[in-house]
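Record features, source TrEMBL:
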- 7-131: domain 'EamA' (DOMAIN)
- 143-281: domain 'EamA' (DOMAIN)
- 7-27: transmembrane segment (TRANSMEM)
- 33-51: transmembrane segment (TRANSMEM)
- 58-80: transmembrane segment (TRANSMEM)
- 86-108: transmembrane segment (TRANSMEM)
- 115-132: transmembrane segment (TRANSMEM)
- 138-159: transmembrane segment (TRANSMEM)
- 171-190: transmembrane segment (TRANSMEM)
- 210-234: transmembrane segment (TRANSMEM)
- 241-261: transmembrane segment (TRANSMEM)
- 267-285: transmembrane segment (TRANSMEM)
Amino acid sequence: MTSRDRLLGLTVVVLWGLNFLAIRAGLDHFPPFFFAALRFFVIAIPVILFVPRPQVPLKWLLVYGLGFGVGQFAFLFWAMHVGMPTGLASLVLQSSAPFTVVLGAVLLRERLRPAQVCGLLVAMAGMTLIGWDRAQHAALLPVALTLLAGLSWAVGNIGNRKAASDQPMRLMLWMCVIPPLPMLALSLGVEGPSAGWNSLTSSLEGTGPLALAGLAYIVILGTVAGSGLWTALLSRYPAGMVAPFSLLVPLVGIGASWLVLHEEPSMLSLIGGAVVIAGAAATQVSGRVRPSTLSHSPAPARVGV
């Protein structure tokens, strides 16, 4: 990988790490499910108007959108709304990597290599450490919800793999068309019909402008720019060379949360997070694959949160 492309990879890491601050800014004003609906609605309109739909089976596009878009962001935004620290959320969300490996083995009959099994066990140990530490100091619900977000992301990855699109950026953009209506229905049912509307009409007051800035960041820099650069890198290099960059995202998330929000995660949480990242890295180690199987091993799907 050239120095220029390494710099692009690190740029994506920074963009995605700062995404968690943007989410926190949005959740300080908007209800979580309504904010998630808004996040995708802003992208979906121009996509429907200007981006041709990828030629993939609709059912796998739906699995991708419902898993990655609806499940992940509903659980993640809910978790952060009820107290999940911003930096710790970026760590626990890395559970999506081992979850993807497990679902790939169960649903797609992908063979688990010894390194992946070790990685899964290490990641589980790290998540146990984080859960135990949180149980000593705060409620476990936010951690559980973030783990469900990671699991939902993994379900979306399975849909992405089965779609097997040769135009991953277009597939990612059309995935954004799926979540707005389910998220809006969830917001209406859980948060009430007036909560989202009231937050929208007051978005030029108090915390509203910062929330709108967070929304703009998520859409323009996190999703369009970040995912565009990531897709470009995956088109030029093997997935195993690009994917490890995503493991650096929590470092930016934790550092930015410490500097801006003055969050100070406990030492045990940091150790647990480091163990999770190590386990996630092990699950991404590439083994020797016969040429005939290469077409069935698409690059891991990653979109900035």
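Heads up, the Cβ atoms here are built off N, Cα and C, so glycines get one too.
Here the transmembrane segment (267-285) sits against the transmembrane segment (115-132); at least 3 CB pairs are under 8 Å, leaving out pairs fewer than 6 apart in sequence.
Only pairs six or more apart in sequence are counted, and the transmembrane segment (241-261) with the transmembrane segment (115-132) gives fewer than three Cβ pairs under 8 Å, not enough to call it a contact. DSSP states for the domain 'EamA' (7-131), grouped as helix (H, G, I), strand (E, B) and coil, give 104 helix, 0 strand, 21 coil.
Note on the domain 'EamA' (143-281): DSSP counts are 114 helix, 0 strand, 25 coil.
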